[in-house]
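Colleague: Quick one: the structure is below, and I'll ask about it shortly.
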Amino acid sequence: MKFKESLWKAYKGMGRSISRYPLTVLFLIAVAGLNSFMIENPREDYARYLFTFLVGAMLSIVGQMIYERFFTQLNARYLLMGGAVLLATGYYFAVGPQTLYNIAISVKTGVALFALMIAFIWIPSIKSVKAPFHRSFLSALKAFFTTILFSGVLAAGISAIFYATDYLLFNIDYKMLTHLLNIVGSLFAPIYFLSMTPMYPGKREEMIPDEAWAKRGETLERQFIVPRFLEVLISYIIIPLTAIYTLILVVYVVMNIRGEFWTDNLLEPLLVSYAIIVIIVYILACNLENKFADLFRKIFPKVLIPIVVFQTIASFLKIREMGVTHGRYYVILFGIFATIAGVIFSFMKPKHNGLIAIALLALSAISIIPPIDAFTVSKNNQIGFLEQKLIENDMLVNNAIVPKSDVSLSDKIVITKVASYIDNMGYNKEVAYLPSDFNVYSDFSDTYGFDMTYSETDYPQGEGEFVYLNWDADPVLGIANFDVMVHQYLYYSEVETSPVETTDFEVDGQPYQLEKRLDGTYYVLTVKDAAGEELIAYNTREVYDTIFEEAATSGFDKGNLTTEDATITTENDQIRMNILVNSLERTPDFTGGDLYLFIEFK
């Protein structure tokens, strides 16, 4: 009976959330419909529409929270809905096409959605005694994990029914399962989450007499109760573990503080993760009344401040090495936010915790609004940083790059990484001294005079090199007379644990097997018949030696292999096998390759 009551209560709550957030539900229906269309047409790019609907959904949620907190007239609600639609429309035209592979648009949209979620949590707590920020945060966190649990169970049940029917009764198109899971993720999960959002006290409730508010207040208080499980988890597990983590971190800093320490790649993620943990645990601990939580609130915010100052200094010092990337920009911005949070937590009462939301919203806006956004700043800095390195090495003359091989190893690494970043972000056309059709992978060596270099180790000639097929040239390969194609990855390192792998295939109804066996640091490829008899064997070392020797002697572009350069043939009286090299890499302790084998049985 209790189960039926709980189920009925959940469905009633979802019904109320639909009437409470009607515009949000419309946007979510659009998301679900678009996802269904994308499932059927996976090659099309509809990211622009998807991002617009998601932004519209979050804007409408925030608009509803603003209405409930500050307004009573229905006209205000309609105006806020209209504002959400207008802003979503403005977003659609602002981002333009090509959003699926546009890192800047994707990251900015993610930051905007995150900021809107923070606003959703923060708005009910503005000047509210009954619902301070830490309580609103707790309510949202409980709703989130409950939604994850229910959605996970529902998705698992649907998947189990689908596979049982598919295996035991009749075949079902796998896309049907994807469509069903889309409904769970795009409609059920967000609507269920919203159904668990309390009706916070707002402008309308301020006009209700205290006697009438009493019952509503009891319902609201139940939303803010910390489950016993969560209280034990935070007080007696997470807080002690955080204390131990803090001790280890402090000892590490004290023992290793020196020149290299500040640019150690291990330091930054440790400090960032620590700051995130402390901020979240502190907000949750504000909902608890016990000695562990009280000690945490008194001590750890004060420890947080010097830790995040260390992190911010380390991030600024990393800028001297590689300049400002958008990732580095966000790490520094987080350091500023964490410092502000530490000060607020240390010197203000918990009722003022909402100030960190204001700081987060302000910094998020700074990071996505030109000209001081993460991507404008990083683009200008990286282009200028590359120009500076080229000038230092006398490689930039009359606004043209002069190839040069005798560049220091450290500068080779910097130029490689910065040039790769500029290429990956699509900024090549904004660099005046780069060719209009420059591609970092196929044109780097010819343009700069040395191979792309990522490691501090200077490998001997013939090793630490790479080659790959130029797919941009739309290569054509004749496949007449070949019976089968087999794709093979080659991978060896000093920790290799899989020396033998097999691939089964059929030709004219006859079973065969391709064995890939590790012999030293290279693989031997062997084709066997059904009886296990060897038909042909080939040591892939010949591929590496042949390709790399040809690269050294003929000087062809390593990143621009033609099918003729990349094809090697081996045969005997039973089999002819063409090996097409997609990519090869070799260092003193690693060999890797991506090959296509075209096999003809004579």
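Each Cβ is built from the backbone N, Cα and C atoms, and glycine gets one as well.
TrEMBL feature annotations, pasted as is:
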- 21-40: transmembrane segment (TRANSMEM)
- 46-66: transmembrane segment (TRANSMEM)
- 78-94: transmembrane segment (TRANSMEM)
- 100-123: transmembrane segment (TRANSMEM)
- 143-164: transmembrane segment (TRANSMEM)
- 176-194: transmembrane segment (TRANSMEM)
- 232-254: transmembrane segment (TRANSMEM)
- 266-287: transmembrane segment (TRANSMEM)
- 299-317: transmembrane segment (TRANSMEM)
- 329-348: transmembrane segment (TRANSMEM)
- 355-372: transmembrane segment (TRANSMEM)
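I'd like to know what surrounds each of these features in this structure.
Modeller: Note on the transmembrane segment (21-40): residues 46, 49-50, 53-54, 56-57, 60-61, 63-64, 81, 84-85, 88, 175, 178-179, 182-183, 186-187, 190-191, 194 of its chain, located 6 or more positions outside it, place their CB under 8 angstroms from a CB of the stretch.
Tertiary proximity for the transmembrane segment (46-66) is limited to same-chain residues at least six positions away from its ends with a CB under 8 Å from its CB atoms, namely 20-21, 23-24, 27-28, 30-31, 34-35, 37-38, 77, 80-81, 83-85, 87-89, 91-92, 95-97, 99-100, 105-106, 109, 112-113, 116-117, 119-120, 123-124, 190, 194, 200.
Counting only same-chain residues 6+ beyond the ends of the transmembrane segment (78-94), those with a CB under 8 A from a CB of the stretch are 23, 27, 48-49, 51-53, 55-56, 59-60, 62-64, 66-67, 71.
Within the chain, the transmembrane segment (176-194) has long-range Cβ neighbours (under 8 A, six or more residues past its boundaries) at 10, 13-14, 17-18, 20-21, 24-25, 28-29, 31-32, 35-36, 39, 57, 61, 143-144, 147, 150-151, 154-155, 158-159, 162.
Sequence-remote contacts of a segment are chain residues at least 6 beyond its ends whose Cβ falls under 8 Å from one of its Cβ atoms, and for the transmembrane segment (299-317) they are 242, 246, 249, 253, 262-264, 267-268, 271-272, 274-275, 278-279, 281-282, 328, 331-332, 335-336, 338-339, 341-343, 345-346.
Distant neighbours of the transmembrane segment (329-348): 268, 272, 275, 279, 282, 297, 301-302, 304-305, 308-309, 311-312, 315-316, 355-356, 359-360, 363, 366-367, 374, 377-378; these residues of the same chain sit at least 6 beyond its ends, with a Cβ under 8 Å from one of its Cβ atoms.
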Colleague: Considering only the recorded stretches 100-123, 143-164, 266-287, 355-372, state which has the highest number of Cβ pairs under 8 Å to the transmembrane segment (232-254).
Modeller: 266-287
Colleague: Cβ under 8 Å to the transmembrane segment (355-372), counting only same-chain residues 6 or more beyond its ends: which ones?
Modeller: 108, 111-112, 114-115, 118-119, 121-122, 125, 133, 279, 329-330, 333, 336-337, 340-341, 344-345, 348
Colleague: Can you work out which residues elsewhere in the same chain, 6+ from the ends of the transmembrane segment (266-287), have a Cβ less than 8 Å from its Cβ atoms?
Modeller: 132-135, 137-138, 141, 224, 226, 230, 234-235, 238-239, 242, 245-246, 249, 252, 293, 296-297, 300-301, 303-304, 307-308, 310-311, 314-315, 318, 331, 334-335, 338, 341, 345, 350, 353, 356
